[in-house]
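**Student:** If you scroll down you'll find the structure; I have some questions about it.
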Amino acid sequence: MGTRDDEYDYLFKVVLIGDSGVGKSNLLSRFTRNEFNLESKSTIGVEFATRSIQVDGKTIKAQIWDTAGQERYRAITSAYYRGAVGALLVYDIAKHLTYENVERWLKELRDHADNNIVIMLVGNKSDLRHLRAVPTDEARAFAEKNNLSFIETSALDSTNVEEAFKNILTEIYRIVSQKQISDRSAHDESPGNNVVDISVPPTTDGQKSNKLQCCQNM
C-alpha cells in the first residue's frame with residue numbers, strides 16, 4: 001500500500017487556514033485517515049498528511065498542511081504558503097466571529113501565496129444546524145464576490161468532506177493540465193506534427209512554464 005502511495009502523476013500542496021477551533025485538523029484527519037477526534041486539542045508543531053485520488057485516469061497526490069496552531073498567535077509564516085496551489089479557508093458555521101475573520105485570512109493568503117492559488121471557502125460543523133450563526137446564502141455570496149468556490153462540511157459526520165477536497169484537487173488539476181497543453185502547443189514548431197495549435201500570448205509564456213514547474217516540483 002505504501003509503495004502505491006509513492007506512485008503519482010501530480011503532487012499538489014494544499015493548505016488549511018482559518019481561526020483556531022474551526023475544525024481544520026479534523027477535516028484533515030477525516031479526509032486522509034477517515035478519523036475524527038472529539039477531544040482534539042489545537043495542533044502543535046507542523047502537521048501535514050497525504051492522500052491520493054484519481055482524476056481523469058491520473059493519480060493526484062495531495063499534501064495537505066495544517067496550520068500547527070500558529071493562527072492563535074497570528075504568526076503563520078510565508079513558508080507555510082510557499083508552493084501551495086490550493087487553500088481551504090475554513091470557518092465555523094456556529095461562530096460568526098470565525099466567519100468575520102475570513103476576510104483577514106483571505107488578505108493574508110493573497111499577500112503571501114501564489115497569485116493563481118485555488119481557494120475554497122469552507123463552512124465547517126454543518127451538523128450544528130440548531131446553532132447556525134452564518135447563513136449559507138451570505139457565505140455563498142461572499143465566495144462568489146471574491147471568486148472562491150464554496151461548500152459546507154461536517155468533519156464530525158463526514159458530510160461533504162470528500163467532495164471539498166476532491167473538488168479543489170480536480171480544479172487545480174484542470175488548471176495545471178490546461179497549462180501543459182498550452183505550453184506544449186505553443187512550443188511545438190516542428191512541421192508535419194498533427195497537433196492542434198493553441199495560441200498563447202508570448203508575454204505570458206514564460207510565466208506559465210514557471211508556474212507549472214512550481215506545481216510539479218513541490
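From the backbone N, Cα and C atoms, a Cβ is placed for every residue, glycine too.
What Swiss-Prot shows for this protein is this:
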type    : residues                                                           : note
MOD_RES : Gly2                                                               : N-acetylglycine
BINDING : 20-21, 23-26, 37-38, Ser40, 42-43, Gly69, 124-125, Asp127, 155-156 : GTP binding site
BINDING : Ser25, Thr43, Asp66                                                : Mg(2+) binding site
MOTIF   : 67-86                                                              : motif 'Switch 2'
LIPID   : Cys214                                                             : S-geranylgeranyl cysteine
LIPID   : Cys215                                                             : S-geranylgeranyl cysteine
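Give me the lay of the land around each of these features.
**Tutor:** Counting every protein chain shown, 29 other Cβ atoms lie within 10 Å of the Cβ of Ala155 (GTP binding site).
According to DSSP, Asp66 (Mg(2+) binding site) sits within a strand segment.
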**Student:** So if I draw a 10 Å sphere around the Cβ of Asn124 (GTP binding site), how many other Cβ atoms end up inside it?
**Tutor:** 29
**Student:** Within 10 Å of each Cβ, count the other Cβ atoms and name the one among the binding-site residues Ser20, Ser25, Asn37 with the highest count.
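**Tutor:** Compared across Ser20, Ser25, Asn37, the most Cβ atoms within 10 Å surround Ser25.
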**Student:** Since the record lists Lys24, Asp66 as binding-site residues, which of them has the fewest other Cβ atoms within 10 Å of its Cβ?
**Tutor:** Asp66
**Student:** Using Cα coordinates, what distance in whole Å links Ser20 (GTP binding site) and Asp66 (Mg(2+) binding site)?
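**Tutor:** Counting only the Cα atoms, the answer is 11 Å.
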